[in-house]
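Here is the structure we will look at, set down as structure tokens.
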Amino acid sequence: GLMLCNVSVPFRCAASLSQTINQVAASRQKHTLPDLPYDYGALEPHINAEIMQLHHSKHHATYVNNLNVTEEKYKEALAKGDVSAQVALQPALKFNGGGHINHSIFWTNLSPNGGGEPQGELMEAIKRDFGSFQKMQEKMSATAVAVQGSGWGWLGYEKESGRLRIVACANQDPLQGTTGLIPLLGIDVWEHAYYLQYKNVRPDYIKAIWNIINWENVSERLQTAKK
């Protein structure tokens, strides 16, 4: 870790501090595919093992790999001071960075022991902002169903107002980076998330996913967002 400075040795300390920072920058860990907190078949019958395996080990892995490649190119463009190249790389950064962020949240939002209704502060906030849990569920389902093409339905926290909001994001646009809302719960409505099991009937997939929502995880995210 970074060493704390003793006032009597400012020069040596400053030198070692900048050295540490350079080492950290140089050894910046590449992004890696997170392990799932459950087996590929654990969410059946709601999401089958084949979908989970493809979705995690192929789709999410591709976002991670492409994010690393893009960041490497971006680093080169920064080093050269090539602003045009930086701008040209931003769509790839948004798409693959968003894909990695979104899926990393999504896997933890789901659990074989999920479903039911949230408790405590989260439930109070849902009732306050949507009238009831059922109304929130209906609104979020409708928002996710209505996404044209690929995208996500999100329950997010708006820090300024302290309120919960439901919004849709296109493609892999990350909620916080594009709207400022802090993501609590995401529903992936890309066809790769459900097609092998639900074919083109997205509403059935969304109805089923409520049986595996990990409300403890969503609650923890709300607690962290409020800090």
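Glycine is no exception: its Cβ is also placed from the backbone N, Cα and C atoms.
Curation does not apply to TrEMBL; its annotations are automatic.
Features as listed in TrEMBL:
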type    : residues                      : note
BINDING : His55, His103, Asp188, His192 : Mn(2+) binding site
DOMAIN  : 30-111                        : domain 'Manganese/iron superoxide dismutase N-terminal'
DOMAIN  : 118-221                       : domain 'Manganese/iron superoxide dismutase C-terminal'
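For the recorded Mn(2+) site, residues His55, His103, Asp188, His192 set the reference point as the centre of their Cβ atoms, and the other residues of that chain within 8 Å of it by Cβ are His56, His59, His60, Phe106, Trp190, Ala193. Counted with DSSP, the domain 'Manganese/iron superoxide dismutase N-terminal' (30-111) comes out as 59 helix, 1 strand, 22 coil. With the fewest other C-beta atoms within 10 Å around its C-beta, His192 stands out among the binding-site residues His55, His103, His192. Note: Asp188 (Mn(2+) binding site) has non-local neighbours His55, Asn102, His103, Phe106, Trp152, i.e. same-chain residues 6+ apart with C-beta under 8 A of its own C-beta. For the domain 'Manganese/iron superoxide dismutase N-terminal' (30-111), the model's pLDDT averages out at 95.
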